[in-house]
Amino acid sequence: MVKHQPLQVYEKQVFVSFVTGIYGCRWKRYQRSQEDSSRWECTWFIILCSSFFLLLFWAYFWLVAQNDFNEFNWSVYNRSGEWRDETIPILASTTVGFSYITFLMILALFHISLGQQMNLYWVHKIGVLATLITTISGVVTVDDIWGDEWDILLVSLQSTAPFLHIGALATVTAISWLVAGYVVRRERSSKYFHVMVLLIYIVILLALYLAPLTFTCPCIMDRHSLRPRPDIIGRRGAPMLAPENTMVSFNRALQHGASSLEADVTISVDGVPFLMRDRTLRRTTDVSKVFPARQHDDASFFNWTEIRSLNAGQWFLESDPYWTVETLTARDRSRIGNQTVCSLVEMLRLAARANSSALLDIRKPPPEHPRYRSWFMDTLWAVQKAGISQKRVTWTPDTDRGRVRGLQQTANEKLSVEEIRQRGITSLTLHYSKASHKDIQEYLANNVSVTVYPVNDPWLLSVLWCSGVPSVSSDAPQVLQKVPYPIWLMSQNAYNFIWITSDLVSLAVVIGIFCFQKWRMSGMQNYNPEQIMLSAVTRQSSRDVNIMKEKLIFSELDSILFYTLVSLCGSTDYNYRNASRKTPSDTKLVEYWQIIPLSKHSQAARL
């Protein structure tokens with residue numbers, strides 16, 4: 001008795017060959033299989049999915065962290081002592097890795113939808129592992145150098161959550177085709193595993209349907225409740241267009257709509273307040289050439305004559321920290337190249353002429369500094385000399401309040417309303433990660449002005465605008481000037497309609513896909529394998545059809561029967577394509593002859 005499987009008829013499938021060839025280097029037909037993937041290959045698919053979601057998170061993080069690229073480079077500079085734009089290699093590697101992993105994910109999903117066995121090529125396995133390890137290393141490094149920046153993810157969701165929700169809903173709805181196709185094929189794995197996969201998918205789908213209940217989006221509001229546009233404060237001027245804390249930078253900020261100027265103030269050894277962000281002069285001046293032995297000294301231990309002799313603009317043209325030097329004219333470059341360190345008096349006089357205000361972040365001298373006890377008097381003297389109204393000057397830190405009269409003081413830490421009243425503070429300067437929508441509303445209700453920093457991207461300005469923030473401090477006033485209205489603004493009723501409609505459409509599509517897959521698989525199961533074999537054999541010879549030989553399990557085959565079979569066939573090189581011209585009995589013998597292994601052919605020839 002001969003046990004055999006029905007003949008399988010294969011046609012040329014260019015798309016399947018492309019998918020299996022790129023993913024697993026299986027370009028030939030006999031290398032592909034319709035069987036379930038092995039556990040090892042399923043493990044690699046899980047690793048691929050983990051790499052994809054980790055890279056998706058990583059790419060989204062750097063997309064929203066673009067608001068703070070300068071802060072990241074400054075953090076790296078404080079650790080390494082060398083100024084480099086570290087975001088360029090990170091963005092380039094992230095783009096390449098994410099594109100590669102996404103392409104492999106698409107191929108893997110095609111394998112599942114086509115019912116092909118997944119067999120990831122070893123070169124791709126190395127690539128996936130290298131990408132995964134590199135991404136994990138990047139996450140650990142950022143957490144060590146820039147750990148506070150993770151807060152921007154929660155802040156960004158106030159702007160992107162509704163759109164991410166729609167995208168995730170569409171993706172999970174599309175995946176229902178694969179889930180439904182897998183669940184209805186019960187004969188290929190255990191029933192309990194199918195139930196577990198179905199339950200996990202249903203839980204994820206329900207979580208997405210109800211996710212908007214957890215959203216806090218300030219821009220989901222009535223248009224009539226929108227407050228006036230926040231005032232823009234030029235943080236160190238316009239450092240993307242000119243060297244920070246220089247006169248040309250402050251002029252550029254005022255030209256691009258800044259209503260106020262913010263500067264970092266340091267006190268020199270002879271009591272002159274000047275503008276410098278770093279502890280040393282190495283990054284923004286040529287101190288390494290003029291005073292090479294003192295380039296690592298604290299900037300406050302230089303006198304004003306020494307500081308004034310340094311060039312504070314050439315570094316901007318050489319390092320091009322924001323990739324904007326090419327946009328400058330020859331006249332602008334010449335002017336920037338001749339900049340010197342700016343004094344506080346010069347900046348305040350410019351603010352007074354422009355009828356704008358000033359926000360000063362004063363760095364107190366170290367205890368061994370000769371002006372350690374008189375730094376605030378030096379600052380007051382500069383304000384009086386500049387001729388600007390004291391009411392238009394706000395400074396931090398919030399200390400020596402009893403000795404400072406007339407100037408506005410602000411705190412750069414998050415305080416309760418009771419603490420603000422006790423200190424007599426009327427304004428706060430907070431990092432955007434500390435200024436939640438609820439806190440801002442509470443401060444405004446108690447007549448406390450809030451300034452948020454740094455705000456360099458339109459999406460963050462839109463969120464804070466909808467929250468009602470009176471002013472923001474920005475490194476890019478030229479960018480925010482082009483945002484006359486929040487990027488998006490939607491009423492609660494309109495968003496509820498979009499949310500519920502999307503859920504209902506998704507639910508209808510998912511149910512429809514499951515029903516179609518069930519009908520499709522039940523229709524396929526109603527076919528008789530022998531009928532499929534016969535219909536495949538009788539196809540017209542004009543079609544380019546390739547027939548694969550199936551394995552036979554021979555048991556107790558009598559040599560006389562075998563010799564008779566060979567005699568009836570007449571030749572070991574019988575052409576299967578001529579079977580249609582034989583009698584029915586001959587055709588069946590030919591079919592048996594074609595599926596006999598080659599070793600049996602040789603035996604038949606000897607007989």
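The backbone N, Cα and C atoms fix where each Cβ goes, and this holds for glycine too.
Straight from TrEMBL, the features:
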TRANSMEM  42-63  transmembrane segment
TRANSMEM  88-110  transmembrane segment
TRANSMEM  122-142  transmembrane segment
TRANSMEM  162-184  transmembrane segment
TRANSMEM  196-215  transmembrane segment
DOMAIN    230-484  domain 'GP-PDE'
TRANSMEM  497-516  transmembrane segment
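Looking just at the domain 'GP-PDE' (230-484), the mean pLDDT is 91. Among residues of the same chain six or more beyond the transmembrane segment (162-184), those with a C-beta under 8 A of the stretch's C-beta atoms are 109, 112-113, 115, 194, 197-198, 201, 204-205, 208-209, 211-212, 215, 217, 220, 490, 495, 498-499, 502-503, 506, 509-510, 513-514, 516-518, 521.
Sequence-distant residue pairs (6 or more apart) of the transmembrane segment (42-63) and the transmembrane segment (122-142) include at least 3 whose Cβ atoms are under 8 Å, placing the two stretches in contact. Among 88-110, 122-142, 497-516, 497-516 has the largest number of CB pairs under 8 A with the transmembrane segment (196-215). The list of residues near the transmembrane segment (497-516) in space but at least 6 beyond its ends in sequence, with Cβ under 8 angstroms from a Cβ of it, reads 162, 165-166, 169-170, 172-173, 176-177, 180, 183-184, 205, 209, 212.
Within the chain, the transmembrane segment (122-142) has long-range Cβ neighbours (under 8 A, six or more residues past its boundaries) at 23, 25, 44, 47-48, 50-51, 54-55, 58, 90, 93, 97, 100-101, 104, 149.
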